[in-house]
Amino acid sequence: MTWNWQHTNWPQFIYNTEDFKEHELQFFEKAGMLNGSIQHIDQADQTLITIDLISNEAFKTSEIEGELLNRDSLQSSIRRQFGLQTDYRRVEPAEQGIAEMMVHLYRNYHTPLDKETLCLWHKMITNGRMDLKNIGTYRTHEDPMQVVSGPMGREIIHFEAPPSSRIPEEMSGFIRWFNDTERSGRKEGASLVRAAVAHLYFECIHPFEDGNGRVGRGISEKSLSQSLGRPTLIALSHIIVENKKGYYQALERNNRGLEISDWISYFCDTVLKAQDHTQQTINFIIQKGKFYKQFEGKLNERQLKVVDQIFREGVKGFKGGLSAKNYRSISGAPSATATRDLTKMVKVGALKKTGELKSTRYFLNI
Ligand SMILES: Nc1ncnc2c1ncn2[C@@H]1O[C@H](COP(=O)(O)OP(=O)(O)OP(=O)(O)O)[C@@H](O)[C@H]1O
């Protein structure tokens, strides 16, 4: 027997919920802190933060697949769905699709899982794809469904999923399990564990021709949100993408047998890291909002352009700080103007300055 689904006891996974009690506690503690930070912000800014977090996650879950989407289009599409004004740019089908899926997930996290939802998500994320036979339906092809890597002719098979003929039955079982464990998972304090099992269980059925990773990560987020009673908004895919190899290896180590403690451990650590990242992002967004309010009307167009660019770099900021050369190239200002602009920004408290002469660097004062 090679794969887990070929075992007689499939899908009775083996693990001990007690082993993850500490992770579960931390999960709820961190989730409480995240929620607390958001509650301090006014409603309009809460919506903006939500849009930011959803669009980051949409970007990252697609990046795992190696698909680099356009961030502005994603934002624009999500803003539109939240009823906010947009720049009316044309949004390509890929960005439109994943944005729709993430917003659907956010709005409907509490509803039971069903085939229709999964197929709808699949339809959304394969929006515009011409190369697939089954869009918005489970796969039906006769060929084996394999996860492979390597060049043609020398492929390494990392996993083979059940044949297409078994998918309807496997998926009915999965959906039943997911909905049945909603309450029991909460009662047993097994929220993280349930989300972990859900992901591996789903990936090992691999019901769609493509998009199983994105749908599977959506299922885990739904599971976590159900446990909290609100959307999680955690940066799960962001953390996965930071160590994509680790994610694939953890799946690979756990796709043959039914004892999956190692996978659950990987997944719990990943979720806790994701929560930390989201907390940092929220703190950063709050600081950003405060910064713009504090310096409203005090910065000229060039200075604002540079500030916008630094904020776009995100939590980690501008690597090594902003140099005068960076300032000139972003703003297009000649040398003397750049020096004047930078000096003024330090004077009004918008920037902090470190170093001297050529090694002078500037950091946002947040
Ligand atoms: N060895 C493995 N065993 C089981 N599942 C795996 C294994 N390696 C990867 N996977 C899962 O398969 C997904 C890829 O499947 P598929 O290409 O259908 O999904 P996708 O959403 O298009 O891609 P991606 O997840 O890379 O964005 C991975 O994201 C991962 O969740």
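FYI, residue positions are counted from 1 along the chain as it appears here.
Backbone N, Cα and C atoms are what each Cβ position is placed from, and that goes for glycine too.
All annotation found in TrEMBL is predicted automatically rather than curated by experts.
As annotated by TrEMBL, active site applies to His206. Look at TrEMBL and you will find Asp210, Gly211, Asn212, Gly213, Arg214, Val215, Gly216, Arg217, Tyr247, Tyr248, Asn255 tagged as ATP binding site. Among the features that TrEMBL reports, domain 'Fido' is placed at 113-269.
The Cβ of the residue listed as 'active site' has 24 other Cβ atoms within 10 Å, all protein chains considered.
The Cβ of Asp210 (ATP binding site) lies under 8 Å from the Cβ of Thr126, Arg129, Leu132, each of these being in the same chain and 6 or more residues away along the sequence. Checked against ligand 1, the binding-site residues Asp210, Gly216, Tyr247, Asn255 give Asp210, Gly216, Asn255 in sequence order as having a Cβ less than 6 Å away from one of its atoms. Secondary structure at Arg214 (ATP binding site), taken from DSSP and collapsed to helix, strand or coil, is helix. Confidence in the domain 'Fido' (113-269), given as mean pLDDT, stands at 95. The binding-site residues recorded for this entry are Arg214, Gly216, Tyr247, and the Cα of Gly216 lies nearest to that of the residue listed as 'active site'. Largest Cα-to-Cα span within the ATP-binding set Asp210, Gly211, Asn212, Gly213, Arg214, Val215, Gly216, Arg217, Tyr247, Tyr248, Asn255: 18 Å. Same-chain residues at least 6 positions away in sequence with a Cβ under 8 Å from that of Arg214 (ATP binding site) are, in sequence order, Thr61, Ser62, Ile64, Glu65, Ile98, Met101, Trp121, Ile125. Taking Cβ-Cβ distances under 8 Å and a sequence separation of 6 or more, the neighbours of Tyr247 (ATP binding site) in its chain are Ile64, Ile240, Tyr266, Thr270. Using a 10 Å radius centred on the Cβ of Asn255 (ATP binding site) and all shown protein chains, the other Cβ atoms total 21.
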